[in-house]
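As written in TrEMBL, here are the features:
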| type | residues | note |
| --- | --- | --- |
| BINDING | 139, 171 | heme b binding site |
| DOMAIN | 27-178 | domain 'THAP4-like heme-binding' |
| MOTIF | 35-41 | motif 'GXWXGXG' |
Ligand code: HEM
């Protein structure tokens, strides 16, 4: 999709993997993540019922050394039918010029903003929260840890969360297939 801003400067926001003339070379390490991904996952946490969810994740870029990120999820029943909308998150993956480090900022409608620092190791990305800031009404989340990987062309991830008095404990994991890009 080509977007033109009010000053008339056209820029590309792309989900595809083609490298354009303006592609910042720091992006190369995370380029395999760029695209639209869909699939299902499983979640749970001490004190809540296990759940199944469907998810769509989008990574896109405009050539500069960061990825735009957006994820939406839906709680589903055992047959895969959606029951209700679930977690959403949106943010930025800032690739550093050493290409091995990534800083991630995520905002959640549930009242959290997270800052992660992570490392890129081939197709694997490991992220740990440096800070979690929450509104007065948000639940008590103190840290998160995320592992992402591309395995056999699929995007896999697992998230551990420290919240409500529990240390880092698995909260959700999923396997997503590339549907575009
Ligand atoms: C695919 C993403 C996610 C899904 C599908 C999901 C789903 C759920 C579900 C079903 C619950 C049980 C309560 C409820 O029904 O609302 C829950 C609880 C919770 N989730 Fe998530 N979640 C996701 C991501 C996250 C993230 C990224 C965070 C934090 C940044 C988070 C923080 C929490 C907290 C704090 C609770 C409450 C735990 C408690 O009350 O002990 N979740 N989640």
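Here, residue 1 is simply the first one shown, and the rest follow in order.
Glycine is no exception: its Cβ is also placed from the backbone N, Cα and C atoms.
Of the listed binding-site residues 139, 171, the Cβ environment within 10 Å is emptiest of other Cβ atoms at 139.
Shown for the motif 'GXWXGXG' (35-41): DSSP residue counts in helix, strand and coil, namely 0 helix, 7 strand, 0 coil.
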